[in-house]
Every structure is written in structure tokens, then in C-alpha cells.
Amino acid sequence: MLPRSRTLPSRIHHGVVEERHDFMHYSHVEARAPNVDTETHAMNIEADYSKSFDDDGRIKRTGTYWTASSHIITAVIGSGVLSLAWAVGQLGWIAGPTIMILFALVILYTSNLLAQCYRSGDPVTGPRSYTYMDAVKAHLGGKKVKICGMIQYINLFGVAIGYTIAASVSMMAIERSNCFHKTHGNDPCHMSSTGYMITFGVIEIIFSQIPDFDQVWWLSIVAAIMSFTYSFIGLALGIAETAAHKEIRGSLTGISIGAVTSAGTDTIKSPPAEYKTMKKATCLSIFATTTFYMLCGCMGYAAFGDEAPGNLLTGFGFYNPYWLIDIANVAIVVHLVGAYQVFCQPLFAFVEKWCAKRWSKSDFVTAEYDLPIPYYGAYQVNFFRVVWRTIFVMITTLIAMLLPFFNDVVGLLGAFGFWPLTVYFPIEMYMSQKKIKRWSSQWIGFQILSLGCLLVSVAAAIGSVAGVVLDLKTYKPFKTSY
């Protein structure tokens, strides 16, 4: 491996030194002929610049209403959709769908508030916020920025653990499905999840070495396709099961207390103003995801009633067609491999940027090397990145093996991140931007909404913790079997 300097390094490839230039060198605006009038020449350059760059000097953004909608939909629809039948079962036919619609409206409203905080000051010409924390810093500042960052990164860390659990359960489901098929259901086919978690961890260690977030776009696309694949299979199997027994199961009030069941980077262009596009995209995407969630949750509950499993594809509500269930579970694993990276890359970048500032003179932290790879070219290796990301994946895998409770972990993560990131900060930023006075009717309305969502989050967290406590009563570390 050949060492490279930290600033605008030259790349050595097959003995030839290629000059590395900064970004503006490659995106410069083509100059006009020297005989053109100076004023006209300057105007043309300015016009060309405005076509190539946005008002903040960054490359022209190309995102639209449709691309924004698709990104939101593919980010929101995840493996948690398969546990909605169980969730509806806890509440029943009346409260279940009502709660989903109610919180869809809350998220739609607060998301629109957040969209208007993309720029500070004027919503059309004000300075842009490139990240969620940038927006909090611009509108609120102070300790709230650090609190927001802490919640965000803890949530991302928790998501990595949750995805490891979910992926291992789906891997086991493939083997168990084939086992049930071979034995015609006579063998309970118990097996441990530990080996599958280690396998998933090894895969993530490899993919975690992708240097930058913008280089995982292809993984994100594959993950999105897989997400729709298993979601549609789960929905179709729920419909088929309901049609087969010719009745809609479940109850109006849900499972009775004490009842025993068997379940246990494209950014948006302007004009038009970004917040207007995001409001439209949010409306479409939340409508689409809510409709999809309603279908998956309600059809799963209709198929199995109070016996709805925690995960439609891994709880073995379906035995046949086993090959279709295998396809769905493979899709889940592939989706989670990509989703793990999409969620962890911002955390990787934050830690690596902080360490590069803290130990700027350390070659271990900042130096990069070209590692020639056949049929690929030179791969940039940074020793700190390799070590830190490997340790991160190992830690999340270890914790997942200690707490392999899919439903309760997913519930706890949702409760932890929902109120502060989805409700509190968007409301606070919007009130700061619009200079809404304390004790005004609008301020009181926002506080009631925020308090109500906080109480729901606390209740959900308590329920999830209680679930984990119950699971721990019969749990042995590293010996969990299904």
C-alpha cells in the first residue's frame, strides 16, 4: 500500500502520478473566447455559474417532488411493517386503524413544520441547513444541538442493533421454513440465532469499509427494491389466508389483558422553494405509507386474529408456499444489509470527522493509502476507519446477541426517537422561526400536541421495557432458540 498525503493527494496508479485537484477544478465553468466584450463575458460566466451551482456554491441540486417522495417512502417502509398485524391485534379493529391514521396526521403536520425549517430566516432565500443538527443549531442553538445529536446517534446505534436482530431472525426463518416443509410440521425445528447474528455482523464489517455515504447509493436502491418485495409478499399472503378461511378474524377491542396466545442523495432543487416541494412530497409519501401500513396490518390481523405473530414472515403463521416465504425472508436480509449502512454511515462520518480534528497529526487517524484491487482499481484504506468501524459492528452484534427480542427492541427504538425528533424539535424550530409568542393560542396548541405525543412515547417505552423484562425471565445469554 502506498501512503497518500492529507491535502489534495496525488494518486499513484501503475507507476503514473495522477494530479488530484479540488472539486472546483473539475466543475469549473467553461470560459468564453477572449474577444468577447468584458461585460458580456462576465454576464455569461455568471449565467453559466447559476446553471451549474446553487446559491450556496454547491453543485446544482436536481431533486424533485417525485424523487423526494420515493426517498421518504423507501426509508419509512422497513421490516417493522411485518409486525403491524401483531400491533393491530393488541388494540383491536377500532383502536388499531384509528391510532395509525391519527399518528400519520401528526407526523404529516410536524414534517411540514420541519420542511419549513430547511432554511433559517427567509424560507426561500435564507441560509440552508444541510443536516438535522444544522437546522437545530440555526434555529435553537445552545445545548439543544448537543441533545439533538446525542438522541440521533443513540437512535442510529439502536437501529443497528435492531437490524442485526431482525436479519438473524429472517435467516433462521429460511432454514426453519425448509425444515417444516421436510418434516411436514412434525419437528419443532428449534435453532439458535447466535450464528446468524455473527454471519450478519461479518457481512456488515465488509460493507462498512465503504468510505463515504454517497458511495452506498446503489446499496440503498437494492434495499428499497427488497423492501417492497417482502412487504408485498406479506400483504399477499395475508389476503390469501383470509380468503382461505372465509372470515375476518380478530375482535373490536383486541387481545384481552392476560390472554394467552402463541405470539410472543439527491437533494431538492429550487425554485420552487424547497419547503413547498417537501410539503407536497411528505403528503404523498405519508399517504402512501399509511395506506400500505393499514393494508399490511389489517390483513395480517384479519388472517390470524389474536394469534397474529410478531412478524408475519418469521412467526410462522404461514407454512406454505414455503418457497415464497423464503424469497421474502431473503429480501428482508438483503434490505437490512443495505439499510444498516444507510443508517450507520452518518454515525461513522461524525466520529471520523471528530477524530480527524482531534488527532489531525496522527497518520493512523488521517492518512489514507491506495490498495490495488484487481478489476476494481485502487481502494482507499484508512487504518482508523477499518479498526473503528469493525469494532462498532462487533459491539452492535454482541448487544444483539444479548438482547434478541425483535418486537420489544423495535418498540423501544421507536418510542425513544419519536417524540424528540419527530415532534419536539420540529415544533420548537418552527416557533422560533415564526417568532410565536409564549402563551399565545398557537403556542398553547403546539405545547398540547407536544405533551400528548410525549405521553404516548413514555407509555410505549414502558410497554417495551416491560416486554424485555418478561423476555429476560426465560432468556439465557447466547442460547436463545426459536
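Placed from the backbone N, Cα and C atoms, the Cβ positions cover glycine too.
For reference, TrEMBL has these:
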{"type": "DOMAIN", "residues": "62-469", "note": "domain 'Amino acid transporter transmembrane'"}
{"type": "TRANSMEM", "residues": "68-88", "note": "transmembrane segment"}
{"type": "TRANSMEM", "residues": "94-115", "note": "transmembrane segment"}
{"type": "TRANSMEM", "residues": "153-174", "note": "transmembrane segment"}
{"type": "TRANSMEM", "residues": "216-240", "note": "transmembrane segment"}
{"type": "TRANSMEM", "residues": "284-304", "note": "transmembrane segment"}
{"type": "TRANSMEM", "residues": "324-351", "note": "transmembrane segment"}
{"type": "TRANSMEM", "residues": "386-403", "note": "transmembrane segment"}
{"type": "TRANSMEM", "residues": "409-427", "note": "transmembrane segment"}
{"type": "TRANSMEM", "residues": "448-470", "note": "transmembrane segment"}
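The stretches the transmembrane segment (153-174) and the transmembrane segment (284-304) do not meet in space: the count of Cβ pairs below 8 angstroms, excluding pairs fewer than 6 apart in sequence, stays at fewer than three.
Here the transmembrane segment (284-304) has Cβ contacts under 8 Å with residues 65, 68-69, 72-73, 76-77, 81-82, 84-89, 93, 96-97, 100-101, 104, 107-108, 111, 231, 234-235, 237-239, 241-242, 245, 248-250, 312, 317 of the same chain, all six or more residues outside its ends. Annotation: stretch 94-115 has the most Cβ pairs under 8 Å to the transmembrane segment (409-427), among 94-115, 216-240, 386-403.
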